[in-house]
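The Fe cation binding site annotation in TrEMBL covers 146, 148, 296. What TrEMBL lists as 2-oxoglutarate binding site is 172, 310, 314. Among the features that TrEMBL reports, domain 'TauD/TfdA-like' is placed at 60-315.
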Ligand SMILES: O=C(O)CCC(=O)C(=O)O
Ligand SMILES: [Fe+2]
């Protein structure tokens, strides 16, 4: 994993860019802020921009960690009890703005109409009642490693997570695809469209949509269709010698009619299990996982429900918004329906 450590001087430079945005904006969800972020991000320190550009373009690593940006523990306020429940969106504005500026050096932040009320920046917090679900709001159960939104053709190229607090040092888990060793005939099978991935539960909790508009309803219908009539896809794609990957075994069908495909998936899963490592984010740290080149998950933990729970902000980033135009309301709209 690449690590970028900001120097004290660089942090000051980053804060200057953020302060300028804070004059005009109170929330990072303002569409105008995102339009400006792309431009203002070019005022971030040049070493940071070079390193993120290498990560994006040369695929120097399957994840990059950015350390050094401070989090003001008092100002951010208590960990919300559920996503979207932060009483004052300005309380985390500096952290989230820096996060989005970094994200916009990799591509375009976007959101899903079927997730967290169409917000771009998600809250990852434990929610009472979700403890055992296979969702990021779970706690006592582990989140099995996965490619984010693996079922969807327009899933993120990068998944960004920024830590607000993590007092119990709960680890995100991570495994890059280039660490796996597989026989050549297994790789062949993984490159063939013989696998089924269904939408995960985070896209199916209708009550959480927060918006009953036709677009949202249609979006749930589309996800429902992907669940009920999934098409077979390849797990590996791209370069035969350095494949990209797309899988989420927890939501994948077994294929008893195709034992060879089942065995290939089992072999890849065993390799990813073998190479899975812990990444414990500390407040202020940001990780961008290359969602084409690595899987991620999370270890289980005991939730506190006392306002001091683990709290991450999360953003989906695509390199190219245009490819999902049929699912968006306008050329610069960032929500996929
Ligand atoms: O909480 C984490 O560290 C990661 C959870 C996860 O898989 C996600 O939010 O996409
Ligand atoms: Fe995830």
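Here the Cβ of each residue, glycine as well, is placed from N, Cα and C on the backbone.
Predicted automatically and left uncurated, TrEMBL annotations should be read as such.
Taking a Cβ cut-off of under 6 Å from any atom of ligand 1, the binding-site residues 172, 310, 314 reduce to 172, 314. Other than the site residues 172, 310, 314, same-chain residues with C-beta atoms no more than 8 angstroms from the centre of those residues' C-beta atoms, the 2-oxoglutarate site, are 124, 136, 161, 163, 166, 170, 281, 298, 312. Ligand 2 lies under 6 Å from the Cβ of none of the binding-site residues 172, 310, 314. Around the Cβ of residue 314 (2-oxoglutarate binding site), a 10 Å sphere holds 20 further Cβ atoms from the protein chains shown. Taking the centroid of the Cβ atoms of 146, 148, 296 as the Fe cation site, the other same-chain residues with Cβ within 8 Å of it are 145, 147, 150, 159, 248, 289, 291, 295, 297. Taking the Cβ of residue 148 (Fe cation binding site) as centre and 10 Å as the limit, one finds 20 other Cβ atoms among all the protein chains shown. Here the candidates are the binding-site residues 172, 310, 314, and by Cα distance the one nearest residue 296 (Fe cation binding site) turns out to be 172. Taking the Cα atom of each, residue 314 (2-oxoglutarate binding site) and residue 146 (Fe cation binding site) are about 16 angstrom apart.
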